[in-house]
Amino acid sequence: MTSTSDTKVCKNQGGLLEIKMEEECKYTTRQDRNLQKNTYNRDVFRKYFRQFCYQETSGPREALSRLRELCRQWLRPDLNSKEQILELLVLEQFLTILPGELQAWVQEQNPESVEEVVTVLEDLERELDELGYRASVQTEEQVTFQEVKPLATEQKPSVSLQFVKAKPGCELAGREAQEEQVSGVETGNEPRNVTLKQGLWEGTEAEQNPASRLAKDALECEEAHNPGEESSGISHEDSQPLRNENGVNSPANSEYAKHQSICPGRKVHGCDECGKSFTQHSRLIEHKRVHTGDRPYKCEVCGKTFRWRTVLIRHKVVHTGEKPYKCNECGRAFGQWSALNQHQRLHSGEKHYHCNECGKAFCQKAGLFHHLKSHRRNRPYQCLQCNKSFNRRSTLSQHQGVHTGAKPYECNDCGKAFVYNSSLATHQETHHKEKPFTQSGPIQQQRNHTKEKPYKCSVCGKAFIQKISLIEHEQIHTGERPYKCAEGGKAFIQMSELTEH
């Protein structure tokens, strides 16, 4: 995959770049649904591949065959290049080595590449800088928060996510109801007990901040697991209701008491709209954007808004002209991976979109839409009741009997009526089976059963049961058109054609 540093950025000359980027943005929007489907299928096959069980197979050869097939469905070597396959493997491993809380946060952003994961983590580090805390995260999914010494006025606090050993006791909280642990907060080199200060987590802005959420959940988890143990580094005073300097209960007291009354990892924050529950209030706030339509992330260039920061980052590529995703077959570059994936189907011949009318398949959805118009053009007669189209007016007239209840075709034997003439013919066969024709019956009816065709055309050799059918057929060779329309004057060879006209 071509890196962004190697990408050539087109300059705006005479407004051409804006038009080109706008067209590409529209093209990408049409493929959003397909991208979501492809991403979901790829993740499903990845999970099947990782969680494959040997006991489900009859032997080692079948197990190997199924593993190969699952791996192929996940990595798609027929569509992806070697660089793209390596990128998928690195992305999976990168998400795996992240601690539970960070992993859950990153996966909520739905990153498509490792670069987007790095961007999300760098944003998190900057937000931790603003809080003035240093977060040191262990690979065993344990987290330790250390307070940073006050720096000089001209110095800016620095924070980074480092892998250090944390005190055992409480697991990291994440999607799978894991819990966090917080070590003693240090000022200088001297450890001291942890106490929540008034106003530390006040305000909606702090709850929405991922960095503050990490620290808050870790502190609450430590309090909930060890409310009165001195060995945990938190005194009995710290497990009591929170009070400010004047002895008044802190605003965070109610949240703290609520957290202590439940088991850690329980989903207690429920959505009033759809009933979905979350372990943290900040996650609920983010989820409510789906119902309220809130889009806090705005593009400074075009003013378009988004619900998630990562989507905004992907959108900005449209304005910068950056095209990091390049096709190895033809060299064409694209601003987004979804557009490249859609383009590569042209080379692979893969066709996902099928026409329900004729079964023809297409690589792109736009091709299917264009093809469907041809079916509509060939069927100009449309039913006003159900919008079904027909290529003949007579067929439309017969179809409308379904809605009106009219049944013009009646059986002479039993009096039963039908909407279509073909239905009547099928019904009459039941009477013919019950009453087979004898030698004394009409000759014409006997020929219908014996399939005898005594009348033969001298020009082409085609045979007919009835003489009138032969006469009408011979008019094709003579060019005679005896049936003429009284209104338009157009002439026809057969009466049925005039009736249809």
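Cβ atoms here come from the backbone N, Cα and C positions, even for glycine.
The feature compositional bias 'Polar residues' is assigned by Swiss-Prot to 180-194, 241-253, 437-447. Summarising the annotation, Swiss-Prot assigns SUMO2 cross-link to Lys20, Lys26, Lys197. For 51-132, the entry in Swiss-Prot reads domain 'SCAN box'. According to Swiss-Prot, the region 'Disordered' annotation covers 175-194, 223-255, 429-450. According to Swiss-Prot, the zinc finger annotation covers 269-291, 297-319, 325-347, 353-375, 381-403, 409-431, 455-477, 483-501, on the basis of sequence analysis.
Secondary structure by DSSP for the zinc finger (325-347): 11 helix, 4 strand, 8 coil.
In the predicted model, the zinc finger (381-403) shows an average pLDDT of 81.
Secondary structure counts, DSSP: the zinc finger (409-431) has 11 helix, 4 strand, 8 coil. In the zinc finger (455-477), helix, strand and coil residues by DSSP number 11 helix, 4 strand, 8 coil. Counting residues per DSSP class in helix, strand and coil order gives 11 helix, 4 strand, 8 coil for the zinc finger (297-319).
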